[in-house]
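Single-structure report; data block below.
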C-alpha cells in the first residue's frame, strides 16, 4: 500500500517557514485581523442610542437652563428597576398663555396631560455629536430599528457563510476574497450615506454577508501555506492583533464622536486588500481537489523560488496521489456524523454548545450600551478580557482537561448572568453589575476557546471541517436572535440575563456529557467514532499531571500531540470569532 501523502510534507520541501510565508503573514494576516475587527464591529457604535427627550420649543423665551426646562416640560416615569427618570418619549401638553405663561392641559383624571414628542427629540451630546439613531430619530415608536439593523447583520452573516462558502468551493478562494472586499466596500460606503432606514439596513446586511468568508478565506490560506511551528505564531499574534483592534475601536469612536466619520475611518482602509490581492495565491489544496494540478504546481514552484528551495523531482506524482486521497475523502457527507448513535449524540451536544457560546458571546458584547457607566470604557473592558481569557482557556484545557474547563466556565457564565438579575434594582450596585458582566464575558470567551478545541478532537479527521461548519452555521443562524434578546431589556432589564444565564447552564450540562480528549489520539475515520471513549466514567477527572504519571517516559509524545491539537482548536476559535461576533456582530 502506498504511503499516505500529506500536503504539509510537500510544503516543507518548497519551504514552509521562510520569506514567502513571512511576507504572507505581514502583508495579509495581521492587517486583515486588525481591519476586519473595525469593519465589522463599528456598527455597534454607529447605532448607539444616546439619552433623549422630547423637544419642547420656547426655552429661549424663558431664559431657563436645559435641566430647568426639562423638569418643567417633561414628565417623570418609573422604569422596571424602580428608578424614576425623565420620560424619553412623552411631554406635558402645554399651552402658551398671556404673559408667556405655560399652562398644562388637565386630563380627565385631574393630572397634567401628556402627549408624544410632537416636535421631535433632543439628544444627549456628551458622548456623541451624532449617531445614526440621533440622525434618523430611531427612538420611541422606531426604537426597534437599531435592533433590526443588528438582526439583519446576523442574517447577512448566515447567508454569506452559505453562499460564499459554496462559491469558494466552485471558483476558488482568491476570486471570492476579491469579490468580498469589493462588496463590503460598496455596501459599507452606501451604508454610511444611506438616506433611509431601508437603504441603511439593506446595505449593511449585504456588506455583512462577506465577513465570515473574508475571515475564513484569508485565515485558511495562511494556515495552509505555513509550517506547523509557524502556525502557533500566526494564531497567537493574529488573535492579539484582533484584540488590540477591538480595544482601540472605542477610543476611535470616542475621539470622532460621529457615526459617519467612524464608518469612513473603519471601512475605507479595507481598500488596502484590493492592492495586496496580487500577493495572495490561490489555495493549492483547493486546486488539487478540483484537479487543477498544473496551477497548484506553479504556485508551489513560486513558493520554492521565493524561498530559494529546489522543487521536488517527483512533485507531479505526489500531487496525483494527494488528489486521489482528497477525492476519496469527499465521499463523506455531513450527515455521516449521525450514522452511529454515540457520534450523533455528541454532534448534537457539540452543536448546542457552539450555539450557546456564540449567542452568549455576541449578546454580552452587544449589551454594552445597556450597561451602566461609559459605553466606550465598557466596550474596552469587555474586549480587553479576551487575551487573558484565551490564555486561561489554553492553560486550563492543557492542564485540567477540556471537558471540565468547558463545563466550569460555562457554569461561571451562567451564575454571573443570573446573579446580575436582582442587582439591577439597586442603583448603588451598578459597579457590581458591570463587574459580573465582565466576568461573564471572560468566562464565555474561555468556553468559546475550548469548544472549538473539543470539536477538533471529537470529530473524525475526514469530517472535522464538516462538523465545525455545522456548529458554526447553526450558531450563526440561531445567533440572529441575539439582538432581540438584548432588546428585551426595554421591556424588562432582567430578561436578557435570565435567558443568557439559562442557556449557559443548559450548555454546561450538555458539555459535561462530552468525553475528555486530553492526551488521546484523535479519531481518523468515521468508524472510529462508533465507540470513541465510550467507556469513560462520567465523574472522571483527567489532568496533564495524571497523564504524565501514567505514561512515564511516554509523556513527551502526548505533549507533542496535544500542542498540535491546540493549534487546530485555536484556528477554529479565531476564524469563527464574531464572526466571531455580534460577532459578529453579530457580528
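Quick reminder: no glycine exception, Cβ is built from N, Cα and C everywhere.
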Identify the transmembrane segment range according to TrEMBL, selecting from 118-139, 140-161, 206-227.
206-227
Do you know which of 407-425, 521-539, 540-558, 559-577 TrEMBL annotates as transmembrane segment?
407-425
With a Cβ cut-off under 8 Å, give me the same-chain residues at least six positions beyond the ends of the transmembrane segment (234-255) that come close to it.
25, 29-30, 33-38, 41-42, 45, 127, 219, 222-223, 226, 262, 265-266, 375-377, 379-380, 383-384, 386-387, 390, 567, 570-571, 574, 577
Interface-richest range of 24-45, 177-200, 206-227, 261-281, 465-488 toward the transmembrane segment (344-364), CB pairs under 8 Å:
465-488
Grab the same-chain neighbours of the transmembrane segment (465-488) for me: Cβ-Cβ under 8 Å, and only residues 6 or more beyond its ends, written as numbers and ranges.
144, 147-148, 150-151, 153-155, 157-158, 161-162, 165, 212, 332-334, 337, 347, 350-351, 353-355, 357-359, 362-363, 366-367, 370, 452, 455-456, 458-459, 495-496, 499-500, 572, 576, 579, 582, 586
With a Cβ cut-off under 8 Å, give me the same-chain residues at least six positions beyond the ends of the transmembrane segment (24-45) that come close to it.
131, 149-150, 153, 184, 188, 204, 208, 211, 214-215, 218-219, 221-222, 225-226, 230, 234, 237-239, 241-242, 244-246, 249-250, 252-253, 259, 262-263, 265-267, 269-270, 272-273, 276, 279-280, 365-366, 368-369, 379, 578-579, 581-585, 587
Overall pLDDT for the domain 'Major facilitator superfamily (MFS) profile' (26-519), taken as the rounded mean:
84
